[in-house]
Amino acid sequence: MEKKPQVAGLFTDLKMAPQPGLSARVDIDTRFITSPTSLKLLVMALGVVCVVASIIALAVLDRRGGHRAGGAWKRFVKVPVATWIADIGVIGGLLLWHIIGAISSDDGYNLTIARVSADAGYTANYFRYFGATEAPFDWYQSVLAHFAAISTAGVWMRVPATLAGIGTWLLLSRWVIPRLGRRVALNRVTMWTAGAVFLAAWFPFNNGLRPEPLIAFGVLAVWALVETTIGTHRLWPTALAIIVAAFSVTLAPQGIIAAAPLLVGARSVVAIIRSRRIALPALAALAGSAALIFVVIFRDQTLATVAESARIKYTVGPTISWYQEFLRYYFLTVEDSVDSSLTRRFAVLAMMLCLFGMITLLLRKGHVPGIASGPVWRLLGTTAIGLLLLHFTPTKWAVQFGAFAGLAAALGAVTAFAFALVGLHSRRNLALYVTALLFVLAWATSGINGWFYVGNYGVPWFDRQPVIAGYPVTTMFLALAIISAVLAGWLHFRIDYAGHTEVANTRRNRVLASTPLLVVAVIMVVLEVGSMTKGFVQRYPVYTTAKANLSALTSGLSSDSCAMADDVLVEADTNAGMLQPVPGQTWGEYGPLGGQNPVGFTPNGISDTLEPPKPVVANPGTVNSDGSPNKPNVGIATQPAPAAATDPSASTGRECSCRSGWTPRAPR
């Protein structure tokens with residue numbers, strides 16, 4: 001039942017006409033309607049100025065200490081041709097997905113919160129938690145509110161997410177991948193693999209109004225800035241990294257993963273600080289950068305209101321404990337759920353394969369030629385600690401894996417490079433690598449090709465496993481994985497009598513060794529883009545997300561373009577155009593619609609109870625359900641009264657169950 005307090009109206013039983021001047025005033029909950037005082041605004045402005053000044057001073061001290069890094073911006077432009085080709089493919093893919101891509105599960109949720117914030121006086125949760133403020137995770141909704149003031153078209157509201165995607169890729173191709181090793185950055189297959197893995201990880205999660213796209217950009221930016229400090233011994237990038245982490249953490253609880261690069265690089269940064277004569281000033285500047293988070297959190301709210309909002313949210317729930325983090329991975333296995341679609345499964349499984357594969361390889365070999373071991377280990381540590389930090393988020397939805405899209409792409413790049421060298425050294429290891437990738441594809445394609453809400457329109461296999469020629473695709477990939485595993489086993493035992501044989505370093509063998517992950521990721525990207533393109537082309541000019549976005553763009557974001565509302569058919573007059581009975585027919589006492597011998601077609605033709613015959617049971621982890629995400633979810637449509645109540649106003653005196661607490665009364 002609905003439990004939110006609400007005002008339905010003011011009623012009285014007095015038998016008299018309203019008197020002149022009669023009025024009523026209802027003061028609703030105003031705890032969260034706050035505004036900063038002039039003193040608070042002054043203090044916040046002074047704090048921001050001091051932080052900026054401290055970073056500038058720290059940069060000057062770095063420069064005087066001889067710690068310079070000239071040509072940083074030149075390196076941004078002077079990149080191999082393969083990188084520019086990857087830029088065209090990735091940025092073009094992001095722009096295309098911006099038009100044809102499906103929405104996320106919470107687009108309407110976040111859009112409504114943003115739209116009502118101006119009238120509410122604060123960023124209120126319109127749907128839940130009794131209208132409590134979204135602080136401390138409200139600055140992104142404030143940005144969306146400004147976007148919504150211009151237009152609420154989806155193609156406009158998703159601009160921040162797409163810009164975050166473009167920014168994340170540019171960070172990857174210009175700073176992150178070159179930091180992992182010069183040979184890694186110069187290898188064209190490695191760069192293309194990074195682009196394909198990035199798109200495969202970005203498309204299923206990050207094309208909406210949820211905060212994961214910005215968190216993905218933030219965590220990668222923090223990693224790049226910390227690595228800049230470690231590589232150049234300049235401290236101002238770490239100060240900037242702390243600020244970026246502060247904004248990422250206040251996007252959503254899962255933004256806590258932006259602290260992972262700081263934790264991983266803390267030892268190296270502390271060593272740099274201790275080696276400098278400016279240790280205390282540097283620590284003061286870093287502490288000031290960290291303190292900026294209080295300006296973000298309390299810019300429009302107070303400590304009391306933020307604490308009260310947190311108390312309400314934890315009381316109402318759902319709040320899942322840290323030791324139930326495994327549910328996030330369980331949700332990826334729930335059948336017939338969009339949250340566990342094949343595209344989402346692949347993104348997470350591919351990242352896990354790259355993470356544990358690289359850890360195993362580095363522990364076994366210690367060093368891979370062409371790879372910078374320190375940055376690679378810190379990348380692995382950032383990903384692993386980020387996954388551990390997710391334990392402390394109050395919800396465990398799989399969509400939060402979207403924040404790892406940038407890290408997944410970086411892992412994909414270094415994995416493709418490292419395993420190409422391993423594959424040239426051992427046919428057995430190459431076969432094992434291919435087996436793992438085929439098994440990932442088999443596991444991923446056991447899910448549905450589902451997308452949220454209207455994103456399913458025209459999409460193939462939106463409600464079932466992909467099937468080709470009557471055979472499940474998952475079975476095909478599983479069969480290939482088994483064949484590859486048998487081959488790997490044969491190669492392994494063959495070593496005992498044939499000895500180890502090097503693979504010839506030919507162009508053909510290099511391609512075979514370096515492209516497996518690229519091929520697998522491209523398959524998934526083609527499936528995603530092809531599914532949405534097929535839905536758009538097949539249904540045109542009927543409504544699809546792509547059609548609505550194109551209409552909004554061609555209209556110049558005009559208010560006359562209303563997405564689905566333009567295609568919904570509604571009768572202006574339901575009584576107009578009624579079919580007339582064919583002359584010469586006979587019917588019973590209830591007219592032509594009742595037929596000759598009606599059964600149940602009477603005012604009393606309803607069951608004795610309005611509840612369904614059986615409860616509706618949903619799997620734990622089913623999205624958009626009012627049940628607990630970590631407990632069995634059983635729902636019924638009504639809550640009948642203890643006994644049937646008779647409506648005396650009805651001409652038949654029909655009895656049926658009413659909801660608890662409701663008593664039918666005759667009109668006065």
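Keep in mind that glycine also has a Cβ here, set from the backbone N, Cα and C atoms.
Your range for transmembrane segment, going by TrEMBL and the list 213-230, 375-392, is 375-392. The transmembrane segment (81-100) makes no contact with the transmembrane segment (346-363): fewer than 3 of their CB pairs lie within 8 A, with pairs spaced 6 or more apart in sequence.
Contact between the transmembrane segment (143-172) and the transmembrane segment (398-423) is supported: at least 3 Cβ pairs lie under 8 Å, counting only residues 6 or more apart in sequence.
Counting same-chain residues at least six beyond the ends of the transmembrane segment (41-61), those with a Cβ under 8 angstroms from any Cβ of the stretch are 234-236, 239-240, 243, 278, 281-282, 284-285, 288-289, 291-292, 295, 299.
For the transmembrane segment (278-298), the residues of the chain that approach it from at least six positions outside its boundaries are 44, 47-48, 50-51, 54-55, 57-58, 61, 65, 135-136, 139, 235-236, 238-240, 242-243, 246-247, 249-250, 306, judged by C-beta separation under 8 angstroms. Below 8 A, the CB atoms of the transmembrane segment (430-448) and the transmembrane segment (346-363) form 3+ pairs separated by six or more positions in the chain. Note on the transmembrane segment (184-205): residues 79-80, 82-83, 85-86, 89-90, 93-94, 97, 101, 104, 165, 168-169, 172-173, 177-178, 212-213, 216, 341, 343-344, 346-347, 350-351, 354, 370-371, 399, 401-402, 404-406, 408-414, 416-417, 420, 511, 514-515, 517-518, 521-522, 524-525, 528-529 of its chain, located 6 or more positions outside it, place their CB under 8 angstroms from a CB of the stretch. Across 239-266, 346-363, 398-423, 511-530, stretch 239-266 shows the highest tally of CB pairs under 8 A with the transmembrane segment (375-392). Packing against the transmembrane segment (398-423) from elsewhere in the chain are residues 104-105, 168-169, 171-172, 176-177, 180-181, 183-184, 187, 189-191, 193-198, 201-202, 204-206, 210, 212-213, 215-217, 219-220, 223, 254-255, 257, 328-329, 331-332, 339-340, 344, 347-348, 350-351, 353-355, 357-358, 361, 368-371, 376, 379-380, 382-383, 386-387, 390, 429-430, 433, 503, 510, 512-518, 521: each is 6 or more residues past its ends and has a CB under 8 Å from a CB in it.
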